[in-house]
Structure formats: C-alpha cells, structure tokens
Amino acid sequence: MQPATPLVLCVLLSQVLLLTSAEDLDCTPGFQQKVFHIDQPAEFIEDQAILNLTFSDCKGNDKLHYEVSSPYFRVNTDGSLVALRNITAVGKTLFVHARTPHAEDMAELVIVGGKDIQGSLQDIFKFARTSPVPRQKRSIVVSPILIPENQRQPFPRDVGKVVDSDRPEGSKFRLTGKGVDQEPKGIFRINENTGSVSVTRNLDRETIATYQLFVETVDVNGRTLEGPVPLEVIVIDQNDNRPIFREGPYIGHVMEGSPTGTTVMRMTAFDADDPATDNALLRYNIRQQTPDKPSPNMFYIDPEKGDIVTVVSPALLDRETLENPKYELIIEAQDMAGLDVGLTGTATATIMIDDKNDHSPKFTKKEFQATVEEGAMGVIVNLTVEDKDDPTTGAWRAAYTIINGNPGQSFEIHTNPQTNEGMLSVVKPLDYEISAFHTLLIKVENEDPLVPDVSYGSSSTATVHITVLDANESPVFYPDPMMVTKQENISVGSVLLTVNATDPDSLQRQTIRYSVYKDPAGWLNINPINGTVDTTALLDRESPFVHNSVYTALFLATDSGNPPATGTGTLLITLEDVNDNAPFIYPTVAEVCDDAKNLSVVILGATDKDLHPNTDPFKFEIHKQTVPDKVWKISKINNTHALVSLLQNLNKANYHLPIMVTDSGKPPMTNITDLRVQVCSCKNSKVDCNAAGAPHFSAATALLLSLFSLARL
C-alpha cells in the first residue's frame, strides 16, 4: 500500500487543482449583489446588524478592506453592516467599497421608506439570494473603482485592478479617457503588465464626481486585442464644504399684531457636498436674536425648510411698544443633519416689524389761538398732533380739513411734511371792519385708513380762535381804472374828471389827499383836496406817450393815518383824433436814365399820423406855381399812391420837383415836399450819375435866382 501512496496523493492533488481551477473559472470578483434596498426602521440602533454583504476576489479575500461613504456606518470583517450610533437616514444612498490586492467592487445601499418598495426586507434579501447575478462573458474583468476625495500622501497609490484571464503573453493593458490622456491629464494610470490602476494625486468630488475611463489590451505594436471596456471611477464624498447662504441680504417684514405662526421669510443655504449624503443634509437654527426683548425667542426657524415664523402672541408684536422695530437673527445652517460633527455656516436675517394704522392722530390741545393783521396773508398758526405710528408711513402722516367756520374760503390748512403739523394760512385778506373774530373747527385724519377696531375720537378735532387786528388800510379808488374820452388838442386847463377814493377804515375819521404819481407827458394836474383833474398842456393823440389812442396816468390817494396809507388809481384817457397832421410823401429821391424809353420816374406813397377819415384818399399834385416847365406828369394810382413820369427825356442833372399832397380831413391839411430826381447816363448797362451832380432848375427858377443876385448888388 505504501508504494501506492504517492500516486494516490498525486491523483488527489490533481483533482484539487482541477477543482480549484474550475472554481476560479466560475468565480466573478466583486459583490455577489450590487444593489440593496433597506427598509427604514424607526431608528437604526447602534451596533445592530442591518444586513450582510458578500464579497469575493476569487483569491481567498486576503487583506479584505471595506469603506462606507457615511461616517455613521461600518462593515465588519464578516461583511455585516452596522450603525455606529442611533440615527435616521430616510431616502439616502450609501456606498460600500470593498478592496483586496486582487479585486475591488462597490455596492449601493438605498435606504427607503417602507412604502417605497414592495415586500419586506427579508423578502428582498430572499429574492436577492435566489436571483443569479448575470455574468459577462469577456476576459477583461473591471469593477467600478471608489476613491475617497481629499486623500493624503503618499501618491501614487493603487485604487483598483483590471483582470484579463485570457490575456495573451506579451500583451499589455492600456488606460484612456478623461483623467488619463484627456484633460485633466495624468490623474490615473495603469500598470501595463499587472493591470493595477493607481491615482497620482488627491481628488475633489465637487470638481469632478466621476471619471469614465476605458481599458483595453494591446499587442506589442499597440494594436487593440480586446476592449475598450468602460471603467468608472467614482469619487466618494467627504464633508469638506460648509453650508453657504448665497442669496443675501435677507430682509423680511411682518405686520405688527400678526398671529402666532405667521411666516416671515425663508432662508436656505447651499452645500457643495454630495446631495445624496448627509454631508449636504442641512438643518437650520437661530443662534442669536438682537434685541432679545420683549422675548428672547420672538421667532422660530423650521430646521428642515428654513421658514422663519413668529412664535409670540400678537400683543408682543406691537411696534409702538418695542424698543426697536427691527430684529436681527443670526441663522446657522449645519450639515450632517445638524449633528455635532457637521460643518456650519451663518447669515444674518433682518426682520422689520411693519406698522399698521392702529393709532389715530390726536391734537395736543383742544383749542388754538391765532392773531393776524387785516390784509395780511400766509401761515398764522401751526396745529400740533401726536401719532404713535411709524413716521415714515401714511399711518402717521396727517391730513387736515376745515369742517366749519370758513364760508368765504379765506383760510386753508396744509400738512408740514417734516413735522406733521397743520399749517393754517390766510389765503384771502381779512377785513377787520367786516369781522374782527373768526372761529374754525379743524379735523385731522391719517392718509391711510385706520384698522377696523380703531376710530377717530374727539381728540381728532380742535378749535382755532382767530383775532383780526385793525390796520390802516390804503384808500381805494372807485372805479379803478377810471376812463374818460376827450378830443386831442382841447384847450389847456380843461377839466377831464374828478376822481374819488374812499378809506376802508370806516371806524376811523381820516382825510384823503390826492397827487399825481405818473404822468409821462406832463399833461395833467390834480386838485389835492377834491380830486379834480385838468390839463396843463395840449393833449396830442400822436404823442409817443399815447398807445392805441389811450393815454395812461396814475394818481395817489393818501390818508391821514399814522403811518399814512396810500392807494393807487389808474386813469385811462381815450383821445379822439382831429386833423392836425399834414400828410407826407415817400420816397423823396428817384433816378431815371437820360435815354430811358419808359419815362416813368417813381411811384410815390403818402402817409398821415392822423386817423381815418383825416387821412386818405390823398391828392397828389405838382406845385405848378413854381414849375412852369411842361416836362413832368403825376398820375393817381390809388388812394395812397401816385406815379411821377416824364413827358420827354432830360439831360443829365439833378432836378427838384415840388410835390403837393393833401389829405381828406375837414379842413384838409396840405404838405409840399421836394422830390429830387437824378437823371443819369445809362450806357452799356452801366449807370453813371456823376454828370448829374449839378442841380438843374427850371427857367423861372433861374430867373428868380438872377433877380435875387442883382438885388444883393
């Protein structure tokens, strides 16, 4: 039997090796189940096993190491998942990373409410045990690689391994993708012989959460033998980001007297960590309230939603009794669901207690006194009120109304926007002789309506007693203006009218004296006692001081008061026209060519300062008594113009032609004007009047000049 023992051992050893080889061929490295659904209990109990995870690297699991994405759970060496403390984590996802020198894999654990999935936890696990894991028939075996972010030195460090059971001898592994040969380059690399994947530096999940890499085998010439096969690298989140309030400033408003539980505002923070983990699960609380009166807890914040609500009775939200209607809250957001290990961030919430019109304005006293001189206008008294509401709102701003004692609308009242006082003004002069006293009833209200349970009381009305002081009023002309119509040129000393001024101070015995104030032409005089106005010069309608036939003068009436008062009256004198102005012609100079075929010389016009009918039609004539020559002719064009023409051509010279023009007044007025006619040479379209410099007279004129010269000898 002994000789057979080595043979038997060899046979047994070959069978063991064969079985082991067969087992290796049937083994797939990794978790036997990739996804687990866990019913949410009322609470995970510390150190209580939740489930068992089965991982195999097909090499005996030597140096097996587990990592859990949540710091509140761990996996024991036997594969049992346990909670490190009593905790709730509804709807969250956990990742378990298993790794040996030969393989690594990741399992996903979804913690859900009992209604989210069908069946019990035991049924799910039973289904998982009876459901085979599908296998991919390929020689390159890859599993997702999980790498915690923010790892420390040393680098590079192995994070996973790719297995190819059928890799030909001499072939190599090649790794490509973002993070390898694409930006950011050089983060990952693979041992081309062993398939070990390593990371060269620490990772930041908030920058890149996953990397999609590709593995393939290539021959010595770089040609692909198998693949590429996708390899996913998942960066496991760490709680390395504090919550941040990004939407400030945070300002909220709540009306005073609001019921308990009134929502003021919402404050939410942002956490850059993985939202599927407690690293970004935020809880809110109020760290500080300023001021802390009348209660240190005026507000409450929903720890999950961030809604800030009132928690005091409406009576404590009385803006008028608060030291300061503005509250500042330091709001803290903490991740890890508010646990002590969580990171925090803070922001300030400013809450304004807004005013409502729950206080009516009240006069500071029931009666006000005012004194005003008759004839004076403007503000005579300021009415003061008190209102406890917010001075920046319509609940405080006052609106005043005169409700009695102002039938003549002599008074108005307006609100001073700075002081809220009522400024009572006289807008029409008061007459002491008519009424020396006035009594007004004033009402005050707010711009905004009062709240339903508040009304205006007796303190919202006040009486104003106004005393009018007598003043020496100026005499008043009646009528004013005074108007009279007279012919111009009436004789000097003619009486135009008698003016009349009365003194409004009927209770005083005063005398009135008259004087001239403005008399631009100096034509008038007034009797200081009786007011009779007469002329001191001829009244000329054509004077530059007369406008549209009206002359204006001003007179003064001064009483004997102390000090005296003076009134002004206006006199308008309408002057009727008389024919006292002779007409005159225009132009008075003309030119004509010595060889002109058209013998027309000039068209004359006439004007008259008088008014119609003392003006046109005008009569134009050549004063024949001094012009016997029969070389000129004048012809009527219309009522105001005539044409002067030649009967024959004349030599170059200056000719003086007397023109007589007569108006249509009764009696008519006549004016004789010399028309100077220059006869010029007009050769080759050039006008030369130099030879016309010497005057030319008619024969009769020459004879008269000769006789005059002889007489002087």
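Keep in mind that glycine also has a Cβ here, set from the backbone N, Cα and C atoms.
The signal peptide annotation in Swiss-Prot covers 1-22.
The feature N-linked glycosylation site is assigned by Swiss-Prot to ASN52 (among others), with sequence analysis given as support. Within its own chain, ASN52 (N-linked glycosylation site) has ASP78, GLY79, SER80, LEU81 as residues 6 or more apart in sequence whose C-beta sits under 8 angstroms from its own. Look at ASN52 (N-linked glycosylation site): DSSP puts it in a strand.
Among the features that Swiss-Prot reports, N-linked glycosylation site is placed at ASN86 (among others). ASN86 (N-linked glycosylation site) falls outside any helix or strand according to DSSP and counts as coil.
Across the domain 'Cadherin 1' (139-245), DSSP assigns 0 helix, 51 strand, 56 coil. Marked as domain 'Cadherin 1' by Swiss-Prot on the basis of sequence analysis: 139-245.
The region 'Disordered' annotation in Swiss-Prot covers 156-178.
If you look up Swiss-Prot, you'll see 246-363 marked as domain 'Cadherin 2'.
Annotation comment: Swiss-Prot describes 364-477 as domain 'Cadherin 3'.
Among the features that Swiss-Prot reports, N-linked glycosylation site is placed at ASN382 (among others). Under a cutoff of 8 A between CB atoms, and with a sequence separation of 6+ in the same chain, the neighbours of ASN382 (N-linked glycosylation site) are ASN416, THR419, GLU421, GLY422, MET423, LEU424.
Feature annotation from Swiss-Prot assigns domain 'Cadherin 4' to 478-585; the stated evidence is sequence analysis. Taken through DSSP, the domain 'Cadherin 4' (478-585) splits into 0 helix, 50 strand, 58 coil.
Using a 10 Å Cβ-Cβ cutoff, ASN489 (N-linked glycosylation site) registers 14 neighbours. Annotation source Swiss-Prot lists N-linked glycosylation site at ASN489 (among others).
Around ASN500 (N-linked glycosylation site), the C-beta neighbours below 8 angstroms that are at least 6 residues distant in the chain are PHE477, TYR478, GLY531. Per Swiss-Prot, the feature N-linked glycosylation site maps to ASN500 (among others); the stated evidence is sequence analysis.
In sequence order, THR498 are the residues of the chain that are 6 or more apart from ASN530 (N-linked glycosylation site) and have a CB within less than 8 Å of its CB. Residues annotated as N-linked glycosylation site in Swiss-Prot: ASN530 (among others).
What Swiss-Prot records for ASN598 (among others) is N-linked glycosylation site. All chains included, 9 other C-beta atoms sit within 10 angstroms of the C-beta of ASN598 (N-linked glycosylation site).
Summarising the environment of ASN638 (N-linked glycosylation site), the number of other Cβ atoms within 10 Å of its Cβ, over all protein chains shown, is 10. According to Swiss-Prot, the feature N-linked glycosylation site maps to ASN638 (among others), an assignment based on sequence analysis.
Look at ASN671 (N-linked glycosylation site): DSSP puts it in a strand. Every protein chain shown contributes to the tally, and the Cβ of ASN671 (N-linked glycosylation site) ends up with 17 other Cβ atoms within 10 Å. Per Swiss-Prot, N-linked glycosylation site is recorded for ASN671 (among others).
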(request) Check the Cα-Cα distances from ASN671 (N-linked glycosylation site) to the glycosylation sites ASN86, ASN489, ASN598 and tell me which is shortest. (result) ASN489
(request) Compute the C-alpha separation of ASN638 (N-linked glycosylation site) from ASN489 (N-linked glycosylation site), stating it in Å without decimals. (result) 31
(request) Give the sequence-ordered list of residues that share a chain with ASN86 (N-linked glycosylation site), lie 6 or more positions from it, and have CB atoms under 8 Å from its CB. (result) GLU43, PHE44, ILE45, GLU46
(request) Can you see whether DSSP assigns ASN598 (N-linked glycosylation site) to helix, strand or coil? (result) coil
(request) Take the C-alpha atoms of ASN489 (N-linked glycosylation site) and ASN598 (N-linked glycosylation site) and report the distance between them in angstrom, rounded. (result) 47
(message) Limited to the domain 'Cadherin 1' (139-245), I'd like the whole-number average of pLDDT.
(response) 93
